[in-house]
Structure formats: structure tokens, C-alpha cells
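The domain 'CMP/dCMP-type deaminase' annotation in TrEMBL covers 20-130. TrEMBL lists H70, C100, C103 with the feature Zn(2+) binding site. Per TrEMBL, active site, proton donor is recorded for E72.
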Amino acid sequence: MADPADRAEAAKAEAEAFQAIAEAWMREALAEARAAGPDVPIGAVVIGPDGEIVSRAHNERELTGDPTAHAEVLALRRAAEARGEWRLTGCALVVTLEPCTMCAGAAVLSRVDRIVYGAIDLKAGAVGSLWDVVRDRRLNHNPEVITGILAEESAALLTRFFSGRRLG
């Protein structure tokens, strides 16, 4: 039987390794957010079971006039198309801002295993801050949630975007 100190050290090393991987994924999502142009700078990537990026997207609501063109929905659609399967089992959705109710619902319905997000959204977040769609026990799928990955960097993008648009 392994020594408790050895197990604790192994768990710490595993957590640190995952943190580094999650930050690399989030940097990809941040790059997408920066490409959003006139749209709110939110970016998302879907990571496949092999750790590779399956799809990427940023908000396109203003660009397309489509109220559902959020980064998460677009990334999930593109991942399903790339995989030829709507079930994204084994995949992770990585997004710069906590998903709204629509996007959280889409993540649950797509069966992603994990949602990783940066900044919390106290006004519309549906993955723990305002609502908690993904952990609702009445649903038949509840992805793992990891929060706070590069949260400050994600929040700063949004702050800069909105500071240039607010009056007063």
C-alpha cells in the first residue's frame, strides 16, 4: 500500500500537470476571443479525448445577427460536425467566460465530459454563479466543471471591451 505522503505528492503533481494543460487550452480560447471583432470577446475551444483541439469559435452574434451565435454553441456545432457525431463524449468545452443558460444547456445536451471556464459571469452565468444548469441532478448528464483558469486574463478582455462602449 502506498504511503499517504507519496499519494499526496502524486495527486499534487497530477493537479499541477492538469493546470498547465488547462491553461494551454484556455490560451487557445483567449486567442479566439481576441478574434471576435465587433462581438463580445468570448472564445471557446472543444478538446477531443486525445487532448487535441477539435473545434474553435468566438462570438459571432453581432456579425451574423444570430442570437444563438455564442462562442460555445458555435464550437459545439463545429465539433459535432468534425466528429460526425452530436455526442461529444470524452470532449471538454473550454471557454473564457462562464456559459449562459443556453450554452450550459447545449454543453449538457452535447454530452461533453468537462466544462472549463475562465471568468465568472455574475449577471448570466449558468455553471454555478447565478444558476447551475450543469449540476442539476434532474438531468441525465452532468459534466465536470473546472473554473478560474486564467480568469483574470479572461475578465480583462471583457473589461477592456465594455469600457470603450459604456456611456458616463
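Any Cβ shown, glycine's included, is placed from N, Cα and C.
From a predicted model like this one, the values you see are computed outputs, not experimental measurements.
Counting other C-beta atoms within 10 Å of each candidate's C-beta, the binding-site residues C100, C103 are led by C103. According to DSSP, C103 (Zn(2+) binding site) is assigned to a helical segment.
Averaged over the domain 'CMP/dCMP-type deaminase' (20-130), the predicted model has a pLDDT of 98.
Taken residue by residue, the domain 'CMP/dCMP-type deaminase' (20-130) breaks down under DSSP into 42 helix, 24 strand, 45 coil. Same-chain residues with CB within 8 A of the center of the H70, C100, C103 CB atoms, the Zn(2+) site residues themselves not counted, are A71, E72, V73, P99, T101, M102, A104, A106, A126.
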